[in-house]
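Input: a single structure, listed below in C-alpha cells.
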C-alpha cells in the first residue's frame, strides 16, 4: 500500500486514515472522486472496505486477480474485495475463529454484487473435490433463485433486494466449502399487491410470463402479457430494457435443478406463483345488501386447481369472515373494501410463506453432511450479511421504519466492535488507550425497542387493544408516551419551522445518520399482517405439498395470538446481533455514485448523503483518534531501511532496536510515533508521507550505486571462478566420497554423526514411498517393506491405517448392507461345514422370498397386527409315509407359522424351538425339533426348501437359536409322535432324491458339490 503514496496527488490515498484533514467531509469525498475517476472503486478505512458501484464491467475480477490476493497480507497490495475475502478466510483458518463479512449500503450501491464476488472468490480459490464442487455450485446457484423470488426493480435499482439475507458458508478442516445456511429478514410482502410508479413486482412473475414454455403457461392459465395481471401493472413498468426476463428464466430453471429441486416441486412452486397472479385478478361487486360477491368465476377455478383447494370454500372465504360469539361460530359477510383486503392479505401470506419455504429448501440442499464423522462439528464458518442500508424516501412508511431500526442496531454494533478491536490492538502492543468520544446511538435503539415504552411496544399494544384502534390513535399514544424524547418529534410537538415540513400523520426520528419523517398510515395493518381464520382453514386443506408445509394445521388450534411483524423483526434482529457478536467481523460499505446508473458520473450531493448515512466519517474519526498508521517492525524496517546508514543494507540486531535507530535518524519527534511490542504506530499521515517521499529520492541514488557495484563484482567473480572451479570440483568430489563411504560403513550401527544423514534419507524415502502406496481399501493387504530401523514404527502405522480405513468403511456402510453382512457372518458360523455353503456366499440374502400378493389374504388377516418378516416356499414331509406337501413358512417377530393356502396349519413359538438339524450335503432338508411334552405339537417338523441357508439364518437370528443349529454328517433323528422316533439317512448320489426307504427311514440322496 505504501508504494501507492507517491501517486496520491492524482489518485488519492488508498486508506482514508492517511487523509491529513480526516475530519473534513469535503476531503473525504474528494478522495473518493479522485479514485473513482481512475476506476479505483475500492478504498480502505483501516480494515473497512469502501466500495463504489462503477455501473460498468471492470477487468479486476479475473482468476489472475484472485491469485494475486490469495495468501497476501491485507495491506500489502491495493484495496480490493478479494483482499477482505482472503483476510477473513485466512483468519478463519489460522485463528480457528468464525468470521463474518457485513455488506451494507443503499439500494443500487452494489451489495448483492459484492456478496456474489465474495462467494465466487471462495468457489475458485478454495480446495475442491467432486462433493465440494457440488456444494460450490449450489452456493453460487442459490443467488439467482433468491434474486428471482426476493428482488425487484425499484426507482433506484433494477435488481433491488427486497429482503435482508445472512448466509453462513461452512468450511471443513481442509478449508473447502462444504455447506451453507441462509437466514432471511423482512421480505417486502406489500410489493406483491402494490408497487410505486416506475417500480415492478418480484422478478419471478415477469420471468415466468416472458420465459415460460407455451405448454407451461397453458397449464397455469397464464398469457404472455404482463399487462393482463392487476398485480403487475400497479407500477406501470412491466418491461425494462436493462432486464432480459426470458434469459433470466432459463438461469433460474437451471439453478433450481442444480440446487436439488425435483420436477414435482418445481411444478407445485410455479402453481403457487401463478395462483398469486390469478388472485390479483379476482374481482368483486357489491350486492344489494352491501356485501361483496366474486364476479370472476374463471379465476376461482384456476385457483382451486393450482392451489389444490376446494373452489367453493375459497370463494366463500374471500367474501366472508368467520367470527366466534359466545362459543358459536358465525359467518359474517365482507364489504367490497374488506373483501379486497382479504384477497390481498391471502396473496401476501401465500407468497411470503412460499419464500420462507424456498429458503428452507435451499438450506436443506446446502446442509453440511459429514459422512465420516456425522456427529462432529468440524466446520468453520464465514458469514455474509447482505442487508438493506439506511433508507430515506419522500414517503417513508412501516418498511423504512424497520429497515432504519436495523441500521441503527448495525451501526451500534459497528462502532462497538471497531472500538473494541482498536482497544485490543493497543493493549496487545502495550500502548496506552485513550478513550474516544463518539455518538452512542443506544438512546435511539432504546427509543424503538425498549420494553413497554418503546415505539414497537406501543405499536403492538395499539394493535392488540380492544376498541377503535387506528394509525392516528397510535400516533397520539406515541406523543403521550415518548413525546419528551430528544430524538422524537411530531407535528403537534414541533416548533413552527418543523411543522411546515412535517405532516399531521407523521412522526420524525433523529437517527444517527439524520432526520427521517415516517407516515403512520398503514402501520397497524402492516404490523398485524393478519389472515382471516377461514382463509387459513381453506389453505390448510390444500393438497399442494408446498402449501401444506406453509400453512400448518396447528395454527388453527393454537389459541395464542401470533407475534406482530415488528416484534418478529425485533427478535430476529436480536438473534442476528448475537450471531455477529460471536464472529470476527469484516466490513464492506457500498456507495452508489449516481441515481441514473451511469458509469463515470459522480454526484457529490448523493455521495455526501451516503457517507453520512453509512457512518463513514464517524468510523474514520474513531480509527484516527489515536495513530493513523501502524505496521509490524519487519515490514517497516524492510521498506525504509535504505534511509539510514546503520540499517542499510541489513540490520542484524533486534527489530525494535532497528526501527528505533531508523526513526531517530529520520528525526521523528516523540509525539509523532510510539513503539509497541511488535509494531510501530505513527500518529500523523504527513510523517509517513515525508518518509515515503525521502525513500523515492533515495531509490535513484541507490540504483546508480548498486548498478556500478554489480558490474565490478561481476568482473571479479568471473575471474575468481575460473581459478577456483577446478579445485572446488575436486574437493567436492573427494568429500562426497568420504561421506558416502562413512554412511555405508555405519549404516547398521546405532544413530551417530557418521550415519545420521543416511538414516534420515532412508526414513524419508520409506515414508514417501508409503505415502504413494498406501492400501486403497480394507481388503488391500499390501504394505511397503520397511528398513530395519523402522520395522516397529511401520507396524504401528499399518495398524493405525487399517483401523482408520475400517472406521471409515463402517461409518459409510448403509444399514441395509450392515444387516446383510451380519446375516452372512451368522451363516458362516452355522454352515461352514455344509457342502452347499460356498455357493451361497456370493449370493445376497433377500428380504423375503414371497411378496404380500403371494400370501393368501386370509392368512394376513388371521395374523392381524403381526408383521411378516420373511416368507419362503417349503415342502413339508408327513410323519406317516413322508408324502410331500407344498407349504409356506412365515417368520414373525416371536413365532413362525406353516401355511397351506388360506389356513394356518402350525404355529411354532421361538421359545419352544429346541433345535434345528440339517445335513452336510447340498440337499435343502431341515428338521425343526419341538418339545414332545407340548400337546399342541405332534412332533418334529421335516421341511425342504431351495433357500435353506438364507431361510435358516433368518430363523436362527429371529429365534435367537444360532447355537442350536446342528449340521449332521450322516443321519438325523427326529420324533414323529409321543415316544416315537424316526431317522433321515443322507447319502451321496448323482441327483437330489427324497423317498421312503424299505427300512422305514426317510432317504435323502444329494450330489456332492466340488466347490472347496
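Yeah, the Cβs are placed from backbone N, Cα and C, and that goes for glycine too.
What TrEMBL records for 12-696 is domain 'Myosin motor'. Feature annotation from TrEMBL assigns ATP binding site to 105, 106, 107, 108, 109, 110, 111, 112. The region 'Actin-binding' annotation in TrEMBL covers 573-595. Sequence annotations record features per position, and here TrEMBL assigns domain 'TH1' to 834-1008.
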May I ask for the residues of the chain that lie six or more residues beyond the region 'Actin-binding' (573-595) and have a Cβ under 8 Å from a Cβ within it?
32, 36, 45, 47-55, 81, 84, 87-88, 91, 95, 97-106, 108-111, 114, 156, 166, 183, 185, 381, 383, 385, 389, 405-406, 409, 413-414, 417, 601-603, 606-607, 610-611, 614, 616
Please work out the helix, strand and coil residue numbers for the region 'Actin-binding' (573-595) from the DSSP assignment.
9 helix, 8 strand, 6 coil
For residue 112 (ATP binding site), what is the tally of other C-beta atoms lying within 10 angstroms of its C-beta?
22
So if I draw a 10 Å sphere around the Cβ of residue 109 (ATP binding site), how many other Cβ atoms end up inside it?
24
Using Cβ-Cβ distances, find the residues under 8 Å from residue 107 (ATP binding site) that belong to the same chain and are at least 6 apart in sequence, listing them in sequence order.
154, 156, 157, 160, 161, 388, 389, 391
Give the number of CB atoms, excluding that of residue 108 (ATP binding site) itself, located within 10 Å of its CB.
24
When a 10 Å sphere is centred on the Cβ of residue 106 (ATP binding site), how many other Cβ atoms does it contain?
25
Any same-chain residues 6+ apart from residue 110 (ATP binding site) with CB under 8 Å of its CB? Would you list them in sequence order, or say none?
51, 53, 590, 592
In sequence order, which same-chain residues at least six apart have a C-beta under 8 angstroms from residue 105 (ATP binding site)?
51, 111, 389, 589, 590, 591, 592, 610, 614
For ATP, what surrounds 105, 106, 107, 108, 109, 110, 111, 112 with a Cβ no more than 8 Å from their Cβ centroid?
53, 157, 160, 389, 590, 592
